Structure formats: structure tokens, C-alpha cells
Amino acid sequence: MGALHRATELLGTALLVGSVYTPFKGVICSSEDSVFLDDEKEREEYVLNDLGVVFHGDINSIKSRSWNYGQFEEGILDACLHLMDRAKLDLSGRGDPVKISRVGSAVINAKDDEGVVAGSWDNIYAYGVVPSAWTGSVDILLEYHSSGMPVRYGQCWVFAGVFNTFLRCIGIPGRIVTNYSSAHDNNANLQLDIFVDEEGKMDSKLTKDSIWNYHCWNEAWMARPDLPVGFGGWQVVDSTPQENSDGMYRCGPASVQAIKHGHVCFQFDAPFVFAEVNSDVVYSKAMKDGTRVIEHIDKTHIGKLILTKEIGSDGTKDITEQYKFQEGTEEERLALETALMYGIKKVTQDTMEQAGTDVDMDFQVENAILGSNFKVTVTFRNNSHTRYTATAHLSGNIVFYTGVTKNEFKSHTFDVTLEPLASKISEVLIKSSEYMSQLLEQASLHFFVTARLNETKKILAKQKTSVLQIPKLHIKVPGEKVVGKEMSVIVEFTNPLNQKLVNVLVRLDGPGLLRTTTKMFRTSPPPTVPGDPNPAHSLSPDCHDPYPHPHPLTAPPEPPTHPTPLLPAAGQSAGGAAREIPKNSTLTWEEKSFPRQAGIRKLIASLNCDALRHVYGELDLEVERKPLM
């Protein structure tokens with residue numbers, strides 16, 4: 001069965017209803033449609049593919065996870081049509097992809113309109129599901145359609161995943177985009193201000209701007225008859241609630257082509273997106289007399305890499321040059337000047353930056369596994385014939401992936417002597433005991449290194465984020481894999497930490513293979529092996545469903561005085577048994593399923609507990625058709 005035939009079969013009523021509600025059936029069969037893609041492979045990828053990939057991590061450690069869009073699953077079309085009803089989009093507006101995507105970017109988040117997903121970035125998820133636990137959009141949309149209450153909780157990739165389901169379900173081509181080193185909260189002035197004091201240490205009171213390790217948004221393909229010719233095609237739409245646009249938290253559609261060329265006057269929200277990918281990082285020294293001196297401007301730190309999923313595979317597709325010209329080229333300068341012409345204010349190094357220094361500084365963070373010690377190596381290079389001395393300071397911080405600091409876990413000051421025309425390397429040891437007890441869910445550590453040259457008082461500054469390597473889940477499917485026949489799925493995970501894990505929740509998803517299932521795990525007495533002084537622990541799934549019915553993905557606006565937590569208290573199950581994984585123990589879960597669809601399918605699993613989050617595993621497998629009798 002070809003992709004087009006399968007889509008027509010799966011859509012069924014959707015195409016019939018489309019004449020009233022979702023007129024974008026032409027994305028498949030009519031070049032006159034405003035969202036038509038003329039490349040069949042692109043249509044199959046951006047409309048018909050029900051599985052996607054979300055890229056996360058950081059620029060030096062790109063990570064990926066699969067996402068089940070589930071746009072053809074039962075009930076999803078009704079849920080997506082309900083969103084347009086909820087947004088009070090009249091029938092005439094439902095034929096306009098610009099209006100639909102703009103309404104969609106607002107209704108997907110619950111910031112100001114009780115939309116689909118409630119966001120949380122404070123690492124507290126007592127009344128809902130941890131954002132990293134979600135494996136797809138289906139549960140979220142069905143729960144919202146059923147309850148009418150925001151589903152808790154999401155972060156940028158969750159908003160983007162649900163929004164992509166909405167777009168593809170109603171026939172608008174959509175894809176998820178990840179921008180690494182994404183500027184945020186800088187008022188679209190193309191400048192992030194980092195302040196240091198006269199000693200070279202960062203001033204956290206003055207420094208308000210932040211740089212996200214990464215940020216996910218969506219692109220939707222459409223004609224833009226409201227803009228000049230040439231600005232249709234991919235449009236940025238972002239449902240993560242960041243800035244207010246025309247009275248609501250939403251963003252876009254903003255033409256990617258307009259952003260690249262600096263035409264930020266075109267609606268909607270192009271200045272904000274332009275700033276996300278093109279801001280400068282300005283390092284300034286705050287003097288005791290109140291004056292500020294710009295020490296350095298980093299013009300390449302922001303928007304270093306912009307990725308989306310490759311057509312027909314799970315690989316990366318670099319689309320950075322679709323958003324910006326290469327730094328330093330004439331085209332890049334023209335785009336910048338165009339943005340300036342349209343009113344974006346930008347501080348330039350021509351009049352503000354101090355003269356260059358004879359000394360360069362950089363540092364590298366050793367790749368490390370969560371729970372291990374590692375080194376930060378700082379390299380100084382003296383390019384002059386003069387001998388210098390410097391006082392350097394390294395600050396290590398636990399940060400949210402949004403770049404917001406939780407607390408400082410490492411503060412280290414050291415002196416270096418820089419001989420003429422020579423390099424000097426200093427190493428700083430980071431111990432796991434210094435960061436493990438405070439670590440946040442995405443295992444992100446931010447390092448800020450500054451050095452003051454004692455002879456000239458010049459400040460050198462660099463910052464980098466490091467994401468620790470998190471262990472993976474392993475999925476196995478032994479035996480035959482045939483439509484309609486029982487299939488065994490085994491999920492395994494070994495605790496690598498030097499501590500026990502409690503409240504361990506595993507989610508298993510497999511479009512066309514099984515319904516989304518969740519399990520809480522507990523320890524069972526290990527078998528006694530004669531002569532074995534350290535018998536291994538094995539873990540089996542708790543038979544109790546950790547979610548009472550109905551599925552509590554939502555929470556009332558005001559929590560009760562004594563709320564029932566989503567997970568039992570640490571170390572306790574519904575029946576009083578311990579729910580923990582001792583160190584070096586292996587969790588094993590076997591689930592039976594009956595595949596519904598033949599072909600290449602994917603199993604997706606996630607594990608979450610207080611000490612470990614963003615633990616994923618996936619497996620591609622080929623399911624055979626049921627043999628004819």
C-alpha cells in the first residue's frame with residue numbers, strides 16, 4: 001500500500017469533513033491548495049509521517065529522541081477540530097493556514113487561554129507528568145479533548161510535538177526545528193548583555209539575559225498572499241509561551257526567508273525570531289563608579305546550528321543557512337543593515353568595543369557520563385612579546401536548559417603566568433559529589449571562565465554549556481513480529497549511579513504496535529545463588545497501574561489541601577512495597593502486544609525518577625503481514 005493510498009484510507013472521514021473544517025486535503029492531491037508541496041517525498045514526510053525526531057542536548061553533544069505524532073490515531077482529528085472551536089475560529093478562517101497556525105500557536109499553550117499544555121520550567125511536577133516522560137502527542141490531545149483542562153506538564157519540545165500533530169492532522173505540512181544556543185528575553189534588540197565586575201566575576205544581578213542550550217519550534221509550509229512575492233514557504237510558528245503577541249502568548253507565522261534577509265517588518269513576530277538566531281553576546285565590565293565598558297562582542301555564539309529531521313530517515317538536516325547567511329559575508333552584513341533599517345537597535349563593535357588584547361583564552365569541557373568526575377581545560381595564548389600575569393576564575397552552575405541558573409556548584413580561582421609567545425594550560429577537576437545532589441533533569445552544567453590581566457586590567461571571558469551523558473533504555477523484541485500475532489517487548493535498564501533510584505516510572509509507546517503503557521517498578525527479592533556474596537537485584541513491574549482512572553494528566557486550577565501525588569511517596573508503592581532500583585541493579589519489563597500495522601515500525605520508551613530523567617530508548621523493527629490462509 002503506497003503512502004498516499006494509506007493516508008486516504010486512514011484519513012477517511014477527515015477528508016470528507018475537510019470541505020467544511022479542514023480544507024487542506026489538497027496538500028495531497030491539488031497544486032492549487034495554499035499548503036501544497038510539489039515534492040512527493042516532502043508530502044510523505046511532512047504530512048503523512050506519524051513519527052518524528054526531536055533534537056536536543058547542546059551544540060557539542062547533539063541528542064535525539066523519537067516523537068509519536070499520531071495524527072491518524074482514533075480521536076485525534078476530533079481533538080484538533082476541537083482546538084479551533086476552542087479558539088473560536090470561524091469557518092471562513094479555517095481555510096486560511098496563516099490564521100490557523102497563528103491560532104494554533106496560542107491554543108497549544110495554556111499560558112493565558114487554558115490551552116492544551118501547561119508549561120513548567122522549575123523542576124517541580126507534583127501535579128502532572130514530567131515533560132521528559134512524554135513519548136508523543138496522542139495522550140495529551142485526547143486528555144485535553146476529554147477534560148477541557150490543560151495537561152500538565154510541557155516544555156518546548158512537548159509544545160512543538162503537539163503543535164506538529166495539529167498541523168499534520170489538518171493537512172498543513174509541519175516539522176520541528178531545533179535552534180542551538182537560542183537567544184531569549186532580549187527584547188529583540190539583537191544583543192544579550194553579560195556583565196562582569198572589575199575582578200572579572202560575572203555579576204548575576206546585572207545579567208538578566210539568558211541563552212537556551214536549545215529551543216524547539218515548528219515550521220509550517222504555506223503560501224503568504226499577505227506578503228510580497230517570495231516570502232511564502234516555510235514559516236516559523238512557536239507555541240512555547242515566551243512573549244506576548246497581539247495580546248496572547250504565541251509566535252508566528254514568520255517567513256524564514258524574511259528572517260534570513262532581515263525583512264523583520266513583515267508579520268508576524270519576525271523581529272523576535274530574528275533575535276533568537278542572530279543576537280550578539282556583549283561582555284561588559286561594570287565599574288564601581290557606575291560606568292560600563294564593553295570588553296568583547298561575540299557575534300557567532302547565537303544560532304550556531306539549526307536542525308530538523310532528514311526526509312526519509314532519522315538523521316539531521318542542517319537548515320542554518322535557511323535562517324542566516326554565513327557570518328562575516330557581504331550578504332550577512334546586508335541582512336543586518338536591513339534589520340537595522342526596520343528599527344532594530346544593535347550595538348556594534350565599531351564604536352563600543354575596546355581594542356583587542358594580546359592574550360586569547362578558551363576552554364574545553366571533557367565529555368563525561370552522569371555521575372563521573374571530569375576536567376575543564378583552560379588554554380591561554382600570549383601572542384605578544386610581553387610577559388603577563390592573570391587571575392582567572394571558573395564558575396560552574398547548575399542550569400535549566402533555558403540557560404537560567406539554579407545555583408553555583410563550583411567556584412575556583414587560580415593564577416597563571418603567561419610567557420611571551422607561549423601557551424599555558426590549566427586544568428580544573430570537577431567532582432561528581434559537587435554537582436550530583438543539585439543536578440536538574442537535563443543534566444546541564446554551565447561554565448563561565450573569566451581572567452583579568454593584572455598589567456592592563458583587560459577582562460577575558462568565555463562561557464559554555466555541557467550536557468552530561470545519560471544512560472539509555474534498551475528494548476528487545478525476541479521472536480516473530482507479525483500483524484495480529486502476540487509479540488513480546490522487553491525493556492531493560494541498569495542503574496549506573498552510585499545511589500538507589502526511587503519512584504521509577506517507565507512509559508512504552510509504539511505506533512501501530514501497542515497502546516501507550518506506563519509502569520511503576522519495585523524491587524523483588526533476588527534469587528539466592530550459592531557462593532554469591534553479592535546477589536544481583538532484579539526488578540519487576542508493579543502490577544498496580546500508577547495512574548488511577550481517569551488518567552490524571554490534568555490537575556485542577558487550585559490543588560486540594562492534601563493532594564494525592566501522581567507518584568507514591570518515595571520508596572513506597574500502593575501496596576507498601578519498596579519502589580527502588582539499587583545501584584548496579586537491572587530493571588526488566590516484558591509487555592505483550594498485538595501489532596496492528598505491517599512495515600517498519602518503532603518502539604519508544606522513557607524512564608523518569610527523581611534522580612534520572614530524559615532517559616530514552618527506541619527500537620526499529622519490521623512487522624510482517626499476516627499470511628494469507
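Using N, Cα and C of the backbone, Cβ positions are placed for all residues, glycine too.
Summarising model confidence by region, the domain 'Transglutaminase-like' (148-241) averages a pLDDT of 92. The domain 'Transglutaminase-like' annotation in TrEMBL covers 148-241.
Applying an 8 A CB threshold to same-chain residues 6+ apart, the list for CYS156 (active site) reads HIS215, CYS216, TRP217, THR240. Marked as active site by TrEMBL: CYS156 (among others).
Within 10 Å of the C-beta of HIS215 (active site) there are 27 other C-beta atoms, taking all protein chains into account. Residues annotated as active site in TrEMBL: HIS215 (among others).
According to TrEMBL, the feature active site maps to ASP238 (among others). ASP238 (active site) is surrounded by 31 other CB atoms, counting those within 10 A of its CB over all protein chains shown.
For GLU332 (Ca(2+) binding site), the same-chain residues that are 6 or more apart in sequence and have a Cβ closer than 8 Å to its Cβ are LYS324, PHE325, GLN326. The Ca(2+) binding site annotation in TrEMBL covers ASN278, ASP280, GLU327, GLU332.
Annotated region 'Disordered' per TrEMBL: 518-580, in sequence order.
Among the features that TrEMBL reports, compositional bias 'Pro residues' is placed at 524-533 (among others).
Annotation comment: TrEMBL describes 549-566 (among others) as compositional bias 'Pro residues'.
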For ASN278 (Ca(2+) binding site), the same-chain residues 6+ apart in sequence with C-beta under 8 angstroms from its C-beta are ALA183, LEU190, ILE302, GLY303, LYS324, LEU336, ALA339
Once ASN278, ASP280, GLU327, GLU332 are set aside, which residues in the chain still have Cβ within 8 Å of the Cβ centroid of the Ca(2+) site? LYS299, THR300, ILE302, GLY303, LYS324, LEU336
Give me the non-local Cβ neighbours of GLU327 (Ca(2+) binding site): same chain, 6+ apart in sequence, Cβ-Cβ under 8 Å, ordered along the sequence. LYS299, THR300
Count of other CB atoms lying within 10 Å of the CB belonging to ASP280 (Ca(2+) binding site): 23
Integer Cα-Cα distance in angstrom, ASP238 (active site) to ASP280 (Ca(2+) binding site): 22
